Amino acid sequence: MNKNLVIKSMAALAILTSVTGISAAVVEETQQIAKAEKHVTQVKDTNVFPYHGVVAFKDATGFVIGKNTIITNKHVSKDYKVGDRITAHPNGDKGNGGIYKIKSISDYPGNEDISVMNIEEQAVERGSNGFNFNDNVQAFKFAKDAKVDDKIKVIGYPLPAQNSFKQFESTGTIKRIKDNILNFDAYIEPGNSGSPVLNSNNEVIGVVYGGIGKVGSEYNGAVYFTPQIKDFIQKHIEQ
């Protein structure tokens, strides 16, 4: 092959690689700016509270509510069975908090989109603090109540595969509470299903079930934890 042609081809490849790298960096920076405008931030350290109370499914979120016990949605749990796995607070690292098998699944008997799962205490893959689930996470406490205009945050795994299982936090306010339904304006995306809705004290108010209308809607929905729902959850927390 002509030596000059080889040199030119290698130079062109180097330029293309450089341009591709720059383009990827620009896209990532643009995405981060867009998230910032929506009051969404990437969590840097998921080994501290409240972030290590959140767990990831392959395409959704859950959170810890007691010993070996997590909450998510029915529309999430329907795709899982006993023996399937969840990951505790990953942040681009699948083993950050350990990987655990599901031991049981209990769906709320009403129409509300809530499911309680009990988890095997010993990890399939250890977390940063060993093989014990409860050593690697911290359970959330229930909020006493909530009202319209309260500040809230949502922590979870939006678009988990696309975002390489990085954890994100979005902030907003409560717009409406009616019976078991809570509406809020914090930004969410697919993958946030099962995320905790937290008050300013990091106490859990409810569980995200989805957006209302288009993706990224500013009017989103969660199941509000009424006394009846709290009682159901409490009965399924492992003692």
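Using the three backbone atoms N, Cα and C, a Cβ is placed for every residue, glycine included.
Owing to the predicted nature of the structure, the values given are computational and were not obtained by experimental measurement.
Record features, source Swiss-Prot:
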SIGNAL    1-36  signal peptide
ACT_SITE  His75  active site, charge relay system
ACT_SITE  Asp113  active site, charge relay system
ACT_SITE  Ser193  active site, charge relay system
Hey, how far is His75 (active site, charge relay system) from Asp113 (active site, charge relay system), Cα to Cα, in Å? 7
Cα-Cα, whole number of Å: Asp113 (active site, charge relay system) versus Ser193 (active site, charge relay system)? 10
So which one is it: of the active-site residues His75, Asp113, Ser193, which has the fewest other Cβ atoms within 10 Å? His75
